Amino acid sequence: MAPSRTVFVANLAFDVSEEQLANVFSEVGPVQSAEIKFDNQTGRPKGYAFVTFYDEATAISAIRNLRDTNVNGRTLRIELSNDDPASSRRRRDHGPPAPVNRDLTPPVHAPYRDEPNIDLYNLPQGQEVLPGEKATDVISRTLAAVTPGQMQEVMAGVKTLITSHPEQARQLLASQPQLAYALFQAMLLMKIVDPSILQRISPLPPAAPPTNFPPVSQAPTSFPPYPPTQSAPTYPAVPAQTYATAPATAQTSYPAATAQPSYGYPPVQQPTQPTQPALPAHLQTALASLPEDQRAMLTQVLQLTPDQINRLDAGQKATIMQLRQQFLGAAA
DNA sequence: GTTGAGCGTT
């Protein structure tokens, strides 16, 4: 059975509102609903709640990332909900309802026999993010310490997982966005993907709640050169498991809501931005290792048309041509 | 005015 998209939240302070709760859980991903349970007799909250996300992976991520979170003086206790079969009006946006199997004979093959059986709850801890440090920095550092051979090994393993067990891979990457980020950065380093696709990744909507991990659109546009120049110490080729600790909970109080709660946003596909003309991949990669200002300048220089170059004065022209010669070689 | 484990009628 598929894991639940709902988490059971206990040890709630009695003065926490559903909005506040949804806000806290939005740290980890879009929240579909947050329902605090009340006692009908007394009208007082029972001190626990159910928070539903749009997918299981986010629910699991919430358990990992929001543990020990303090809200109004009490530490949240978060578990995966026992999905009550009675309240089955969810799972609808995940496709049509499963067809009723009228054939009572069990399937010939035991399902999931070959599943790699990734335990999403028991992943290695990964690298610690120190205070004042960004998770992206730790990932960059970790990747820089991985030898090309190790990186290739990991990528091959991931590829195997994705092709043989796509659903497990999806769950793993969705619940561990830092891993997805690291893999993407590794693909850039290994020149498997063209850095220009960074331009085509549409930003999250402005109203997007902060996640426990920066969205890909905020990925740094420059990466350290690869392979690393200094001899890298060997580390076990373990995926970067870096994760940021949940930030201190917002203590803002919210007005009581009367409207049907719907927080965050459904994980819809965002429209893609128009692509902009880009330099060849190998040039972008070369440029990526330069400081921001130099990169911007060089990008402009390399994109000049012959016509534009001809309009420059002699001194500028010579400088420009020299730069272009250096980067474009014969093509200049 | 009170409460503190819990899996769901606000």
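Every residue gets a Cβ built from N, Cα and C, even glycine.
Automatic, uncurated: that is what TrEMBL annotation is.
On the 0 to 100 pLDDT scale, the domain 'RRM' (A:5-83) averages 93 in this prediction. Residues or ranges marked as domain 'RRM' in TrEMBL: A:5-83.
Summarising the annotation, TrEMBL assigns region 'Disordered' to A:77-108.
Mapped onto DSSP helix, strand and coil, the domain 'RRM' (A:5-83) counts 18 helix, 30 strand, 31 coil.
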